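Read through the structure below, which is laid out as structure tokens, and then see the notes.
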Amino acid sequence: MVQIRMRKLFFIYIVISTVSFIWFYSSCGFPECKEKEIEHLIKKYKARNKELDKKISDLSQQLQECQKNVLTSGRTEFSHSPTIYMVTPTHTHPEQKANLVRLSHTLLHVKNIHWIVIEDSVSKTVLVSKFLQNSGVKNTHLAALTPHEIKMKYNDPTWLKPKGVLQRNAALRWIRENLNPNTDNGVVYFADDDNTYSLEIFQEMRNTKKATVWPVGLVGGLRYEKPIVKDGKVTGWFTYWKPNRPFPMDMAGFAVNVNLFFNNPDARFSNEVPRGFLESTILEQLNVKMEDLEPRAENCSKVLVWHTRTEKTKLKNEQLMIKRQGQGSDPNIEV
Ligand code: UGA
Ligand code: MN
């Protein structure tokens, strides 16, 4: 009996082992088959990877094309629309490139703009040259140095000396020498590199017969300064600081027709004028009268440009870094 049971048990054992063996290999495959399958899968995924790499490279090429188109769209010329000649003095300081990058990104959205950038330096710097070449904005790059005696020091109070005078004059010279008053229809706007400009302000100034004016935000110790307008005419000024100036407004608050510089060939900025008189003296030399002023920005009721200032960054840890580890930041890395 015992023998028969043992046989039976053995038989059951053999059957179960065989079935398990067959089941195991049918579900997992034989080792060589498995290897082949894995090799096949690797090949398949490698091919797929290659395809995806190619797709990525094609798409990045397309993206680059699109970016180029976006950058150059600001250059599109429309013969019927006057060009805005935007005059921007700029000087070497730690925040210069940040200011220029920010401003150029605004200008990329503006049609028919010609940016005249004048460096306060003996000659054009590599930083500004490279920046302008890649900016995508139509530009003219000039340099005019402010003499040592009238040059602001980095830590001087901002009001101490007039700024951007010789640079704006260099731009006026370029305009007079390079534009044709009979064929070049345009507007001149003196736009400093640290202000904030809405896109609307460019539309507002585009059609300027003689001189357009509008409010400027965050200036003169007020939330805004602005011309006072009655029945579509400028009758006075909302300005606290030196309100008796002929035109008590900031440089960012007006634009003039380019013809004015041809009709008044001697008009230029001067370092000799009292503080806050740069705007008034240029407009007077251009023979602009109060009644000529064309109010913009919904009769001067909207702020579309802000006299912002970029905070001076404290770089005191550069020196401490040199003391601590023998060298400061790498001068070859442009900031
Ligand atoms: C204010 C007005 O907004 C300016 O239009 C005016 O020229 C200036 O006062 C002045 O009274 O001279 P503010 O913000 O005090 O401007 O001056 P900044 O923005 O520091 O300088 C005006 C422009 O001149 C800027 O585009 C700046 O880059 C340039 N600048 C400044 C130089 O070219 N050289 C310098 O040494 C300093
Ligand atoms: Mn400024």
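For all residues, glycine too, the Cβ spot is worked out from N, Cα and C.
What TrEMBL records for this protein:
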{"type": "TRANSMEM", "residues": "9-26", "note": "transmembrane segment"}
{"type": "COILED", "residues": "35-69", "note": "coiled coil"}
{"type": "BINDING", "residues": "D194", "note": "Mn(2+) binding site"}
{"type": "SITE", "residues": "E225", "note": "site 'Interaction with galactose moiety of substrate glycoprotein'"}
{"type": "ACT_SITE", "residues": "E279", "note": "active site, proton donor/acceptor"}
{"type": "SITE", "residues": "N317", "note": "site 'Interaction with galactose moiety of substrate glycoprotein'"}
Statement: In the three-state DSSP scheme, N317 (site 'Interaction with galactose moiety of substrate glycoprotein') belongs to helix
Field: Cα-Cα distance linking N317 (site 'Interaction with galactose moiety of substrate glycoprotein') and E225 (site 'Interaction with galactose moiety of substrate glycoprotein'), given in Å to the nearest integer
entry: 38
Task: Anything from the recorded positions D194, E225, E279, N317 with its Cβ under 6 A from ligand 1? List those in sequence order.
output: D194
- prompt: Taking the recorded sites one at a time (E225, N317), which has its Cβ surrounded by the most other Cβ atoms within 10 Å?
  reply: E225
- prompt: Considering only the recorded positions D194, E225, E279, N317, which possess a Cβ situated under 6 angstroms from at least one atom of ligand 2?
  reply: D194
Query: Under 8 Å Cβ-Cβ from D194 (Mn(2+) binding site), six or more apart in the same chain: what's there?
result: E95, N99, T308, R309, T310
Message: Just to be sure I understand the packing, how many Cβ atoms besides its own are within 10 Å of the Cβ of E279 (active site, proton donor/acceptor)?
response: 21
Message: Using DSSP and collapsing to three states, where does E225 (site 'Interaction with galactose moiety of substrate glycoprotein') fall: helix, strand or coil?
response: strand
